[in-house]
Each structure stands twice: as structure tokens, then as C-alpha cells.
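Q: Dropping a structure here in C-alpha cells format, bear with me for questions.
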Number of protein chains: 2
Amino acid sequence: MSINTYEKEFLETLKKISQYEQAINVMYWDMRTGAPKNGEEYRAEAIGQLSADVFQMRTSKRMKELLDHLWEQKDSLPHDTQKAVEEAKKEYDLNSKIPEEEFKEYTTLTSKAESVWEKAKKASDFSLFAPYLEKIIDFKKRFITYWGYEGHPYNALLDLYEPGVTVETLDSLFAELRESIVPLAQKIAASQKKPDTSFVHEHFPKEKQRELCHFFLKELGYDFDAGRLDETVHPFQVTISQGDARVTTAFNESDFRSAVFGTIHECGHAIYEQNIDEALSGTNLSEGASMGIHESQSLFYENFIGRHQGFWKRYFHKMKESCPEQFEGVTADGFYRAVNESKPSLIRIDADELTYPLHIMIRYEIEKAIFSGEVAVEDLPKLWDEKYEAYLGVTPPDDAKGILQDVHWSGGDFGYFPSYALGYMYAAQLKSSMLNDLPEFDRLIENGDFQPIRQWLTDHVHVHGKRKKPLEMIKSATGEELNVRYLIRYLEDKYTSLYL
Amino acid sequence: MSINTYEKEFLETLKKISQYEQAINVMYWDMRTGAPKNGEEYRAEAIGQLSADVFQMRTSKRMKELLDHLWEQKDSLPHDTQKAVEEAKKEYDLNSKIPEEEFKEYTTLTSKAESVWEKAKKASDFSLFAPYLEKIIDFKKRFITYWGYEGHPYNALLDLYEPGVTVETLDSLFAELRESIVPLAQKIAASQKKPDTSFVHEHFPKEKQRELCHFFLKELGYDFDAGRLDETVHPFQVTISQGDARVTTAFNESDFRSAVFGTIHECGHAIYEQNIDEALSGTNLSEGASMGIHESQSLFYENFIGRHQGFWKRYFHKMKESCPEQFEGVTADGFYRAVNESKPSLIRIDADELTYPLHIMIRYEIEKAIFSGEVAVEDLPKLWDEKYEAYLGVTPPDDAKGILQDVHWSGGDFGYFPSYALGYMYAAQLKSSMLNDLPEFDRLIENGDFQPIRQWLTDHVHVHGKRKKPLEMIKSATGEELNVRYLIRYLEDKYTSLYL
């Protein structure tokens, strides 16, 4: 068998996997956007079967043979194949190092744990969830030893979502960020200059919101020939295949902000996916570089464009046309201030862009403590509350609004949270670099001329898919290592002008 | 390996196949109800891959071993497993008797032929399609010899769609039917008593039609917890899984009839699927007994309920409420007459229930002549036109409105058309039998009390899934062999009272 035959079979397997994933993603999207409830159980089973088949293809003996052969002669492979082999090998190693029986037990545990977490959250009682969390943590600790790690054991988990990012990196980035934004948030909380947000909770009909979401997606350059917008309960972006990157949104009739900014956020994810090099289609490189890089694109659209003063100078009249009574007496500038309100809060997903990173730091520090064995599960709620008090000056009244608020741990997704904060840092650094090429950035937004911005992001980020690792991507896009100063400067400038 | 182990593995394979079919069906439904166009090519490839995998599971060496073992000890298997084995064996034989290379060529040919047919239809030029049709027929003739047959070679094709139905049966049924409805249709064409249909083509807004379709589905007992309604171009009903039987419809704003009666038609298919015994779920018996039995259910809903005089006595006011201007001066009775208009026409899918079987007979006779070698492809348009003249008294002005109107032949679907006419016969015989149990049938419809009717059809047809063959189903439901007199009597009664 020549190397080309191995390469061919390897790429064919990746393609088959991508087709199975297409099926899984359509089934998932459908389940979350209107599939009838009586079919749910059968749907979950079918998704389970196809996922198991994908797992099998990724970890088969034949895959190992292919990877071994290709790895030996990696240097003679085309560049994209090399990267695809690296990616597939990483996946293979992660999955094959865990004993099959143990992985099955873990999968069963996490699928049960999610509904236990739901019940515990409803009852606002951490003790119901604690035994499950404890077992999940035990599994994860064992997985970490199977996988191996350098430095802190938590590095093994970080690497799952943000390859190359370590505790050492994050400790230093977060320390710097914390030093700036904790005092800034405190000054804002004490400031007398508060925006008037009374109008945001007036009734805004769903159909009007839907029209607006379509309008903004079109304006921002989302390609409706390569996607669609649907309603759901917990919004997400899902890529079905090349040429099909969908967005979903939820409509809250007493707060238009969730649909408007939620849609712009998912739009950022989707525009990323719509602009990945088509040459990567059907391979494991036809996706975002990492969770954090993906989040940088959604945050760029949501915050740097969607919460930009110029954006609402241009588009506030659209809001007014949709609901004239709601916005009577509100100016474009007043609207801009209201949708940029900042205040310390208990719930991460409702947080504004200034205080959001603090919610992430709290989770990061707690997860790190869990995996270095510094905290017991039973002590987590206390630790959680102390950190909220210290960083945000608020104290959760109960577990539901505290430690039980996020679903992630019930699925074993430790190491995931930091990517959200990294997304902010990546986005700010990219924007700073973009300003060198597009010094007229503010004017472009005010004119609704998003094409040059989109093109810059496509050239520097989107097109590369998963060819580059996140920190490598930032380095090549901005000419500099990851630097948290760009985010700090952005937040200081914006919130000083808004509040101080 | 004990028989139970074989049975277990066999049933697990059927379940896996059903899960793959679920994925294929969701992908298909999505493609036809709003998937973005840039993903179409990738979607077709993914459906192709999963379909190939299903084919492989059905025809694998392992499947043969399982079937051989189970077949030997068939009598000791549970009843449903016996039936499932018979069904799987039939499928296996059909597919495995054709040399693989030949089957691949055939698949490639038919997938090309559909777009050639489309172009030929657009250009109204049969000669463009003829070379493809010729090749498809050659393949089918060879397949017939591989499969084997008794009596007429066309029997092998009929058996694909309506197992147990033969040329001998159809010749006699169609002769009897023709003798009654040709003169009846002629009398109607000559009758002076014509319904006023002028109002049907007035503008009827799509959203109003959508609301009405939802309303009628609910009234008729379609379960929205186990299905949904969506818009498409060519309406269809698709079952995704147990608990998920979807309907689609097309809205024509200058003819509300296509959406209203189309939806009621698909509702009949869907109610069938929603009421198949859940115990059959995940097996190859969890579907309709045959094409014709399925059609009997859609026709029952469309014609015996949806075009019933009592139905419009009850619901005409809903139409009027939707579009008051359109129906000004129209009475419930006038409406009933208009939606039961009968006149000879060129296009099968636009035909009324009286003349529809004549369109089918024409196709049946032509297909039979093709497979007995009595007609050459080049002579088909002439034969087509002669038969339309003889049976319906109309002459196609061109190929598009004549021999090129149906897609079926481009996909090699010979033997399929007779099922449509059988569906009418089955439906009429079922109704006659139902009247013995529910003599108040007309009153039930006038009262909108469809539950007893639905229950009767569920008990006698739906629940059995594919446990019975079509003629066996009719026999056990009605106590009698298939008899075309019921359809003839129904048509004579209804159309005499309407026109004569």
C-alpha cells in the first residue's frame, strides 16, 4: 500500500465521518427547533447510534493503522493532510487511552447527571447533585492520568477546548485582567450616571422581533443561501455541512435584547462557519480553530459591532419603526447606553461584557482547585459564594442562582469556561490589529458597510478553519502573542465614557 | 448460537437500519422544507452515503446467515419475527440477485435520468428522454429475469409495490371499472348540470390557507404531538420515526383546493402512520402494508371525508370566515358541488376521483405492453395519445402534457401506478364494510365526530402495519376478496346525484 492509498482511505474515512455528523446535526437541529415530542425518545436513540458509529470510525483498529502509516511519513504529505492527521491522532489518543468499559460508565453517568442537575437546580439544592458531581470529577481525574499532562493536571482539560493554553498562561492573563476590571466595575457601581433602561421591558411582539433578526442578519452579511434562522429555547449555532450554517434564537416579548443581541452573537459564529475554506470540506479541519476562537467571532459581532454606538446611530430607527410606542422619547444615544448597561450580577449568561470575565475567573479558579485536590465537592457552594462576594460584590441567595446555574459540569465539561474569557481577549486583540488596516472602522459601522470588516476576519481567521491552533492563529493574525491589554483598554475606554 | 441469539441480532440490525432511515428521512424532509440551497450537494452526498450503508446492512453476508438460520426454524419464531424475516428475505433476494456492478450502473442512470426528464418535459420533447427511458427499460427487463416471475413478466414489477397483485387480477378489475366509468364520465361531460366553480380561483392568502390546514388536521384527529405541518413544493408525507409522522403542503394562492385537499390527503397517510402498533417500532413491519393500502387511507380522508357533502355543511363557514369576499353568495352546497367537479383532463395529478382511474389504466396498459415487448419506446407517445383519446376523449397538445407528465419512469418506477387505482378500490370496499359497523357514517361527518371512523380504520388497517399483505388485509378487514363493485357503486351514486 503506497502512502497515497493510505491518504486516500484516511480522507475517505474523514468524509464519511463528516456525513454522519451532518446527519447527527440535522437531527439535533430538528429536535431543538420543532420536532414533535412523541418522537423525542426515538430521536435520542438514533443520535446515540450514529454517534457511536462515528466514535467507532475514529477509534477503529484500521484508523490506528492508517494514522501510524501516515504519521511515519508525515513530512511528505500535503500540508492540510498533515494537519488532519495530527487532529485525528489527537482524537484517537484521547479516546483510545480510556478503557472502553470505563468510558461507557462515564457516558451513562453524564447522561443521567444532566437530568439530576436539572432537578437539583429546580429544587435549588446542591446536595442532590453533589454525589453525581463527585463521581464525574473522579472519572475526569482518572482520565487525566490516562491522557497525561505537563504542569498542572487541569492543563489536560484546558487542552481539550483551547489547545496550547495552560494554567500558567491563564493565571497571568486573568491576574492582569482582574486588576483592571474589578476596580472599574466598582467605580461603575458607585457612579451616579446610570442609563435609563425602563423601556427595554415593554412588550415587543415576537413577529416584530423575528423580522428585525432577519434584517440584522442580512445587514451583517449572513448568507441565507447558506443558512437559516429558527426559533428555539436555548439558542445555538449549528453547522450542518459546507453551505449550511444555521442560527437559532429565542424571543422574549418582555426583553427584546435577548433575541437581538443573541442573534447577532450567533451570526458571528455562523459567518465564521460560512467562510471556512471550502477545500477543507469533509475533513476534520472544516471547523473553528477552537472554542475560544469561535467565541471571539460571536463576541466581535455582538459587542464590537452590535453594541457599537455607530451601529445604533444607523439602526435605531428600525427599532422605532417596529415598536413606535415602546421607543417614544428614546434617542439613539439613550438606546446605545441602555444596551450597554453594566452592573454586577449573579447569573453568568445575563452578565454584561465588563463583568462577564469575572464570572469566568470564578469558575476557572474553582475548577483548578478541584483538579489540584484543594477543595472537596461538599465545600464548593461555600467557595462559590465567597468568590462572588469578592469579585462581584454579590451573594447568591440560593444554589440555583449560585453554583447550580450552569449545565457544564453535569456533562463533565471542565476546562470549557476559560474559552469564553479567552474569546473576549482574542476578539479585542483582533480588533486592535484590524484597526491598523481599517482605521475607518467606526465610520464603516455607522454606514452599515460591514463587508471590509467581514473580509478582514475571513482572511485572518475564518478561512483557515482548524489549520492553526488558537494561539498560533492570534499570532499570525495580529503579529503578536496573546495580550490581555487590548481587552483591558477596550473595556476601560468604553465604560469610562459610558459611566464616568 | 441458539435461535434466540440469531433473532436478537436480526432484530438489532433491523433497529439500526430504522435509525439510519430516521436520519435519512429527517435529512430528506429538511431538504424539501427549507434547507439552504448551498448545502444541497453535500446533503445529497450524505443521504447517498447513509442509504448505501442501509443497503449494505440489508444485503450483507451476515444478514444472509441470519436469515438462513431463522428461515430454517421459522415456525418456532414469534409471529412478528416470522413476518419480519419474510420481509427481510424478500428485500435480500431482490437486491442480491442483481449483480452489484449492474445495480450501480442502474442507480447512476436513474439519478441522471430524472434531470434529463425534467429538461425534456420543459422542452416538451420526448426524443430527449427516449434514449434514457430505453436503457432504464432494458435494465428493468434484465432485473425481471434475475428475480423470476410467474405468468406475465410485469407481475415481477407489480409485486414490488403491491405484493400478491397480478396482471390477471388487474385486467379483470380494470375491465369492470372501465365499463362503468367510461360511459358515466361521458354522460357527465354531456350533462347541462355544471357546478359554478368561478370562485375557486380568487386570491386566497397563504397564511389563511395555512391556518385552515392546521384546523382541518386537528379536526380530523391528526396528532400534532406526533407530527408537524410544513410548506414544500411537491407535497408529501414522511414518517421520521415512531411518534413523528409529518405532513407537508403547497399553497397556491389562486386555488385553495390544492392545499386544503392536499393536506387532508396527506393527513390520511399520516394518521395511518401515527396508529401503527408501537410494538412494531424499529422493525421492517412498522410501515404501511403496501403503496395501495397507504393510498386507500389518504383517499379515504380526501374523498370520503373531505369531499363529503356533510363535511362542508359543517365546515363551509370556516372557509367563509377566512375569505369572506371570495365566498360571498356561495352556499355550502354550491361549495360541495364545486370541489367535486368532474371533467376529463390531460393531467393525472389534477384529475377528479371519477376520471383518475382512467389515467391509471392508460399507464397500466402501456407499461404492460412495454414489458411484454409489444411496443417500442419510440412509439410510446403515439400509444399514449391514442389511449387518452379513447378513454378520456382528450388529446394531449404536446409531450409535456402527455407522456412526459409523470416523473415515475425516470426513476425506473414501473409497476407503481396501479397502486393508485387499487387504493381507490380498497378505500371503497373498506368504507362499505365500515358502514355495517357505523351506519351513522354520514351523520358522524356532519357532526365533525371523526373518532369512530378513525378508530375503525385503526383497528382494521393501521394497527397491523406490514404484518399483512394488501389483499389479505382487505379480506380480513371486509370479510371479502377485493371487489371493484364498491368503488363503482360509490362513483355512480355520487356522480349521478351531482350531475344527472
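Glycine is no exception: its Cβ is also placed from the backbone N, Cα and C atoms.
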Q: Record says A:His265, A:His269 bind Zn(2+). Source is TrEMBL. Which of A:Glu231, A:Glu253, A:Glu295 does it list for that same site?
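A: Looking at A:Glu231, A:Glu253, A:Glu295, the one TrEMBL places in the Zn(2+) site next to A:His265, A:His269 is A:Glu295.
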Q: Work out how many Å separate A:Glu266 (active site, proton donor/acceptor) and A:Glu295 (Zn(2+) binding site) at their Cα atoms, rounded off.
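A: Pair distance, Cα basis, whole Å: 9 Å.
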Q: Quick check on the recorded positions: of A:Glu266, A:Glu295, whose CB has the lowest count of neighbouring CB atoms inside 10 Å?
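A: Selected from the recorded positions A:Glu266, A:Glu295 on minimum Cβ neighbours within 10 Å: A:Glu295.
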Q: For A:His269 (Zn(2+) binding site), write down the residues of its own chain that are at least 6 apart in sequence and whose Cβ falls under 8 Å from its Cβ; none is a fine answer.
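A: Listed in sequence order: A:Gln237, A:Ala245, A:Val247, A:Gly288, A:His294, A:Gln297, A:Ser298.
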Q: Could you find out if DSSP has A:Glu266 (active site, proton donor/acceptor) as helix, strand or coil?
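A: DSSP assigns A:Glu266 (active site, proton donor/acceptor) to helix.
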Q: List, in sequence order, the residues of the same chain other than A:His265, A:His269, A:Glu295 whose Cβ lies within 8 Å of the centroid of the Cβ atoms of the recorded Zn(2+) site.
A: A:Gln237, A:Glu266, A:Gly268, A:His294, A:Gln297, A:Ser298, A:Leu299, A:Tyr301, A:Glu302, A:Gly423
